[in-house]
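Visitor: Shown below is the structure under consideration.
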Amino acid sequence: MEPSAREPLVRKTSSSYRTFPGSSGKKLDKEYLQSLQNKRLYLAVFAAVLGNFSFGFALVYPSPVIPALEAYPSPALRLDRYAASWFGSVFMLGAAAGGLSAMLLNDRLGRKLSIMFSALPSVVGYVLMASAQGIGMLLLGRVLTGYAGGVTSASIPVYISEISHPGVRGMLGACPQMMAVLGSLVLYALGKYLGLVLDWRWLAVAGEVPVLVMIILLCFMPNSPRFLLSQGKDDKALASLCWLRGKDTDYAREYEQIKDSVRKQSQRVSCAEIKDPFIYKPILIAVGMRFLQQLSGVTCILVYLQSIFKKTSVILKPEYDAALVGLVRLFSVMIAAVSMDKAGRKILLFVSAGVMLVSNLTMGLYIHFVPASQNGTIANKTLVSSANLPAEPINYITLIPLLATMFFIMGYAMGWGPITWLLMSEILPLKARGVASGLCVVVSWLTAFTLTYLFLWVVHAFGLEVPFLFFTVICAGNILFTGFCVPETKGRSLEQIEAFFRTGRRSFMR
């Protein structure tokens, strides 16, 4: 059926609710609940976030592999300290390149096809690592899996936000972070238990599974209705929204609202339009949140977690610390997923930044004031070589850095972890959403790489307490940034959020 023939029917369907508001209230409520309960929407989200599962798996892949390769019998694959550091960090450079590519892929291929495209470098990267005959193949495999992760980091949040119902967008927007944490936990479990009987190469083979399942499921999922409308594919957009909301719902009215919003925007952003506050304000907010998120220290703490624990002689066996942190992250992200559409985004960001501030301050003051003879360390310069430290007597004061680290991870996972990705996909204008989301990913991973690389230099030069005190200052800035710059988007459609930035009228957000 041609679009011109369908539009009168659409207007008639949606206008019936306006003509009889008194008699249609219960019908609207029933259809609203039906659209929330449509299982196809959740299937589409699950198919997409398998990419985040693979991302979390690939991110921490070096954790069990580096120890195995440091003692590998073949010199061609044996890692020294220099090669091991690159094996762990080159993933972030690949992710930054993936985010840069997503700036074009999201608007050219679409959100769904961009996610599917990421499967190609991911599969090739895992194949290279599984069959590696030298360190070069390992590093190239890490770059390719990082590249795939960068593409999915920019594409999946946008895809989910554009297909989600406003009533569950917060919960579904937390799913990418939740699946990334779950992927990390599965890697830790496989590395610990299967590593006893299987070669490390099988971990790379296992990484192929979620990628292949993702590509198969996404073949049957629709593209984003907003992207299809921006490409002039009205029929496909209406069919996509019908599939996502259900035939017995008022999806036609939502279709008209989305279509009206898309009509007001050109296909792409011109250089002159960048000066428009409607364009640059949400982009600055999204990029600023990604920048501050990384500056809060989460990547450094996760990458050097075992070394930090050893340095402070935490009462915890090294083989269990990463799994414990992963469980705390998963539990906290689940809390955020349940709370986001009830408490709101901003209150969780405030709580998250406050908890991280107190945790980082506690760690910094503990390391500075507790004598080395009590905290079990020899010197601040032993972070890298702490694995060779002699056993120290148990001192229960070392519970302080353990608890501080746990609370930091909990605080991050409740707010500044998942919500920054969700808000990025919510507040960016449609015409700039693909490019700007890629820019956010580039800024995020370049910041993470730089901070992770400089962390050890700062520790060697000034001591471990200095970076934690720096992270404390950043968390205070996060609180101010949330209060003055971040809008509350709970329960608002993407069209209402765009209207808020376009006009500056807060009534659109009520």
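Glycine is no exception: its Cβ is also placed from the backbone N, Cα and C atoms.
Taken from TrEMBL, the feature transmembrane segment applies to 41-63, 83-106, 113-133, 172-190, 202-221, 291-309, 347-367, 396-423, 435-456, 468-486. According to TrEMBL, the domain 'Major facilitator superfamily (MFS) profile' annotation covers 44-490.
Explain the structural surroundings of these features, please.
Guide: Counting same-chain residues at least six beyond the ends of the transmembrane segment (172-190), those with a Cβ under 8 angstroms from any Cβ of the stretch are 41-42, 45-46, 49-50, 52-61, 63-64, 156-157, 160-161, 164, 203, 206, 210, 322-323, 326-327, 329-330, 333-334, 336-337, 340, 413, 417-419, 421-422, 425-426.
Counting only same-chain residues 6+ beyond the ends of the transmembrane segment (347-367), those with a CB under 8 A from a CB of the stretch are 296-297, 312, 336, 339-340, 375, 380, 400-401, 404-405, 407-408, 410-412, 414-417, 419, 463-466, 468-469, 471-472, 475-476, 478-479, 482-483, 486.
With a cut-off of 8 Å between Cβ atoms, the residues of this chain six or more beyond the transmembrane segment (435-456) that come close are 89, 92-93, 95-96, 98-107, 150, 153-155, 157-158, 269, 282-283, 286-287, 290-291, 293-295, 297, 299-300, 303-304, 383-384, 424-425, 428, 467.
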Visitor: Could you check if the transmembrane segment (202-221) is in contact with the transmembrane segment (468-486), meaning 3+ Cβ pairs under 8 Å among residue pairs at least 6 apart in sequence?
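Guide: Contact criterion not met.
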Visitor: Tell me, roughly as an integer, the mean pLDDT over the domain 'Major facilitator superfamily (MFS) profile' (44-490).
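Guide: Across the residues of the domain 'Major facilitator superfamily (MFS) profile' (44-490) the model's pLDDT averages 81 on the 0 to 100 scale.
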